[in-house]
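Here the structure is laid out as structure tokens; the discussion comes afterwards.
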Amino acid sequence: MAPKKAKKRIEGGSSNVFSMFEQTQIQEFKEAFTIMDQNRDGFIDKNDLRDTFAALGRVNVKNEEIDEMIKEAPGPINFTVFLTMFGEKLKGADPEETILNAFKVFDPEGKGSLKADYVREMLTTQAERFSKEEIDQMFAAFPPDVTGNLDYKNLVHIITHGEEKD
């Protein structure tokens with residue numbers, strides 16, 4: 001019995017990170033972790049991060065950038081550590097900032113807009129996929145501009161505040 005208890009303490013630390021989130025949120029984090037754990041060894045490492053960025057279309061990520069991400073963890077990144085890191089980042093996080101950061105992953109130049117076709121592709125093929133109807137509803141409510149770009153900064157503002165920016 002003692003080895004099991006010791007293992008749990010190592011994995012989970014002294015606080016129960018699982019109590020910070022609802023069960024549905026934990027399941028979503030588990031899906032994200034599984035997507036990022038490219039080699040399916042139960043840990044996210046540098047190669048997993050590089051492969052994840054490549055899958056998202058960012059192939060020229062600097063080693064330093066990946067090293068900085070890995071250094072944020074107190075040790076090997078298993079699911080419990082992953083969940084703890086997100087819990088710490090999201091504690092008191094502004095929902096607008098959280099959603100913006102999700103879009104910024106796809107906008108490394110920081111333009112504030114993305115090609116609508118690219119957004120449609122990402123939302124229908126990655127993680128928790130949107131249906132065609134859901135995408136059509138989103139673009140009906142927030143149509144792209146004449147060049148086919150979606151102003152995601154304005155979209156996020158409307159989602160979180162219910163009104164357009166001035």
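Each Cβ is built from the backbone N, Cα and C atoms, and glycine gets one as well.
In Swiss-Prot, the feature phosphoserine is assigned, of S14, S113, to S14; the remaining candidates carry no such note in the record. Within the chain carrying the domain 'EF-hand 1' (24-59), a Cβ under 8 angstroms from the stretch's Cβ atoms is held by residues 18, 66-67, 69-70, 76-79, 82-83, 86, 105-106, 108, 122, 126-128, all 6 or more beyond its ends. In the three-state DSSP scheme, T52 (phosphothreonine) is classed as helix. The secondary structure of S19 (phosphoserine), as reduced to three states from DSSP, is helical. Within 10 Å of the Cβ of T52 (phosphothreonine) there are 19 other Cβ atoms, across all protein chains. Nearest to T52 (phosphothreonine) in space, judged by Cα atoms and limited to the recorded positions S19, D37, N39, D41, is D37.
A distance of 28 Å separates the Cα atom of N39 (Ca(2+) binding site) from that of S19 (phosphoserine).
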